[in-house]
Amino acid sequence: MTKTRKTHPLXKIINHSFIDLPAPSNISAWWNFGSLLGLCLAIQILTGLFLAMHYTSDTMTAFSSVTHICRDVNYGWLIRYMHANGASMFFICLFLHVGRGLYYGSYTYFETWNIGVILLFAVMATAFMGYVLPWGQMSFWGATVITNLLSAIPYIGTTLVEWIWGGFSVDKATLTRFFAFHFVLPFIIAALVMVHLLFLHETGSNNPSGLISDSDKIPFHPYYTIKDILGVLLLISALMTLVLFSPDLLGDPDNYTPANPLSTPPHIKPEWYFLFAYAILRSIPNKLGGVLALVFSILILMLFPLLHLSKQRSMMFRPLSQCMFWILVADLFTLTWIGGQPVEYPFVIIGQLASILYFTIILLILPTVSLIENKLLKW
């Protein structure tokens, strides 16, 4: 008798995606982050839903409503800090997931990769709008500074900014629409995730060697379900340690001061996961140039399939490319550090050099090194 999971229309989809899915036998722990991102998204949607039940998106009451959630709502403090730090865990998993894709050449699956980049943009937009909602000082000024960047667009810039603000400054209209978008975007992200998986399952997973693994596949369940559960336990342990021991470790103290349009904080900076892009933005003295560099710093990921000149897919057997990859990672850490520093010597020059290095490695050095490796192997 055929099993229900193989015949029932709904159970069949789940079966083909998570149970009888043929998976390469050699995928390492770096392949755990996809499922962890799914878990992060689920945590964020659930905690966010409960926060939305008590939050009010009005400039007069937003800050107080967040305080009320933390003080008066049953386990409100836990929900709020799980949501705030859940975003950090989300981005850690995202960066590692993208890094894995770059290292092992997963970007050669064009559709999966490009939808992944769109997902990255969507998650960044959602996180930015979520940061505005508590209506603290850094929320307000972060929103003002980042939305104001659009005014650099020639001709329509100013009109566009005022249209997004819903007035002549960040105010009630801005907060209300940011809340609306922040609420709806995660569901759009969930839909995009399904498309991401749809395209991935058309080709099957990549593996560390970068070789075709059709001759050596194993069922996803139980092998990778149990492996994913280990990742889930580690992620939840890390998240709960952060939430219960130092929930404000990654936040900004300025956000405990209610938003005041008349007083600018000495150092306006976004959350840690945007600092690398913020450093690239600040390293260019021209406003439009900075905005273009900021957008291109993420959009450049879409160029990776075109810049792949190696005859091998993965970096597993390419020591020179590996070396450049880890220099790129170190450069991103440097940019993250610089993004959190004030705009003064020597941080400005370090930021500019790190920004130049970031684009040079991706656009010039990695492709060149790939060609050198091809030559060394007489390919």
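Each Cβ is built from the backbone N, Cα and C atoms, and glycine gets one as well.
Now, the feature entries from Swiss-Prot:
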BINDING   His83, His182  heme b b562 binding site
BINDING   His97, His196  heme b b566 binding site
BINDING   His201  ubiquinone binding site
TRANSMEM  33-53  transmembrane segment
TRANSMEM  77-98  transmembrane segment
TRANSMEM  113-133  transmembrane segment
TRANSMEM  178-198  transmembrane segment
TRANSMEM  226-246  transmembrane segment
TRANSMEM  288-308  transmembrane segment
TRANSMEM  320-340  transmembrane segment
TRANSMEM  347-367  transmembrane segment
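Where Swiss-Prot records a feature, it is marked here on the structure.
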residue	record	DSSP class
His83	heme b b562 binding site	helix
His97	heme b b566 binding site	helix
His182	heme b b562 binding site	helix
His196	heme b b566 binding site	helix
His201	ubiquinone binding site	helix
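In this structure the C-alpha atoms belonging to His83 (heme b b562 binding site) and His97 (heme b b566 binding site) are separated by 20 Å.
Counting only same-chain residues six or more apart in sequence, the Cβ atoms lying under 8 angstroms from the Cβ of His196 (heme b b566 binding site) belong to Thr112, Ile115, Gly116, Leu119. Among the listed stretches 77-98, 113-133, 178-198, the one sharing the most Cβ pairs under 8 Å with the transmembrane segment (33-53) is 77-98. If you look at the transmembrane segment (113-133), the same-chain residues 6 or more away from its ends with a CB under 8 A from one of its CBs are 48, 55, 57, 62, 66, 87, 90-91, 94, 98, 101, 106-107, 139-140, 142-143, 146, 174-175, 178-179, 181-182, 185-186, 188-189, 192-193, 195-196, 199, 270-271, 273-274, 298-299, 301-302, 304-305. Against the transmembrane segment (347-367), the recorded stretches 77-98, 178-198, 288-308 differ in Cβ pairs under 8 Å, and the greatest number is found for 288-308. Sorted by the number of other CB atoms within 10 A, the binding-site residues His83, His97, His182, His201 start with His201, the lowest. The largest share of C-beta pairs under 8 angstroms with the transmembrane segment (226-246) comes from 77-98, of the ranges 77-98, 178-198, 288-308. Between the CA atoms of His97 (heme b b566 binding site) and His201 (ubiquinone binding site) there is a gap of 17 Å, rounded to the nearest whole number. Reported as a whole number, the C-alpha separation between the residue listed as 'ubiquinone binding site' and His182 (heme b b562 binding site) equals 29 Å.
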